[in-house]
Ligand code: SF4
Ligand code: SF4
Ligand code: SF4
């Protein structure tokens, strides 16, 4: 009976949390909420404190304060068969810049470029306009370092369409 309730709750949370961003290197072919025991191990070890308890107590990443350094500590700390470091990329997410970007309103800003270590953000010059940012999706690692320095909250790191 208890198990039935637990499975029902897990199905509910799976629907609720499908869009939540999980830590890097989660296996692509699992349902995260089926395997995660909500032990908080990844939350405790994350060196940049970007993992917190989200819906249902499942860990979620957000880049509002800091970035992922790909230190792998969350992967090592997890006692469940959730992660696989052999995957080609830690995750499929990429940065996307919205129309809230200051340069869209003629205001000079390059804060995101300065924060991006892989140099995935380039500024495109155009005559009579301030340069506008362009993301090189191949170079972007989805680290989220560009999110918090943006004064206009114009950057989301999401799965591309
Ligand atoms: S790889 Fe490191 S920085 Fe990134 S989410 Fe895991 S513990 Fe945090
Ligand atoms: S930091 Fe934000 S506002 Fe500034 S150029 Fe980059 S996306 Fe635009
Ligand atoms: S998510 Fe990281 S790699 Fe991608 S554009 Fe932002 S800072 Fe650069």
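Note: Cβ is positioned from N, Cα and C throughout, glycine not excepted.
According to TrEMBL:
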- 36, 39, 42, 46: [4Fe-4S] cluster 1 binding site (BINDING)
- 68, 71, 74, 78: [4Fe-4S] cluster 2 binding site (BINDING)
- 140, 143, 146, 150: [4Fe-4S] cluster 3 binding site (BINDING)
- 26-56: domain '4Fe-4S ferredoxin-type' (DOMAIN)
- 59-88: domain '4Fe-4S ferredoxin-type' (DOMAIN)
- 131-160: domain '4Fe-4S ferredoxin-type' (DOMAIN)
Next on the checklist: Give me the CA-CA distance between residue 42 ([4Fe-4S] cluster 1 binding site) and residue 74 ([4Fe-4S] cluster 2 binding site), in Å, as a whole number.
Outcome noted: 4
Next on the checklist: Cβ under 8 Å, sequence separation of at least 6 from the ends of the domain '4Fe-4S ferredoxin-type' (131-160): give me the contacting residues as numbers and ranges.
Outcome noted: 21, 50, 61, 63-70, 89-104, 109-125
Checklist entry - Whole-number Å distance between the CA of residue 46 ([4Fe-4S] cluster 1 binding site) and the CA of residue 78 ([4Fe-4S] cluster 2 binding site)? => result 11
Checklist entry - Which binding-site residues out of 46, 74, 78, 140, 150 lie by ligand 2, going by a Cβ under 6 Å? => result 150
Checklist entry - Considering only the binding-site residues 74, 140, 150, which residue has the minimal Cα-Cα separation from residue 36 ([4Fe-4S] cluster 1 binding site)? => result 74
Next on the checklist: Roughly how many Å lie between the Cα atoms of residue 39 ([4Fe-4S] cluster 1 binding site) and residue 74 ([4Fe-4S] cluster 2 binding site), rounded to a whole value?
Outcome noted: 12
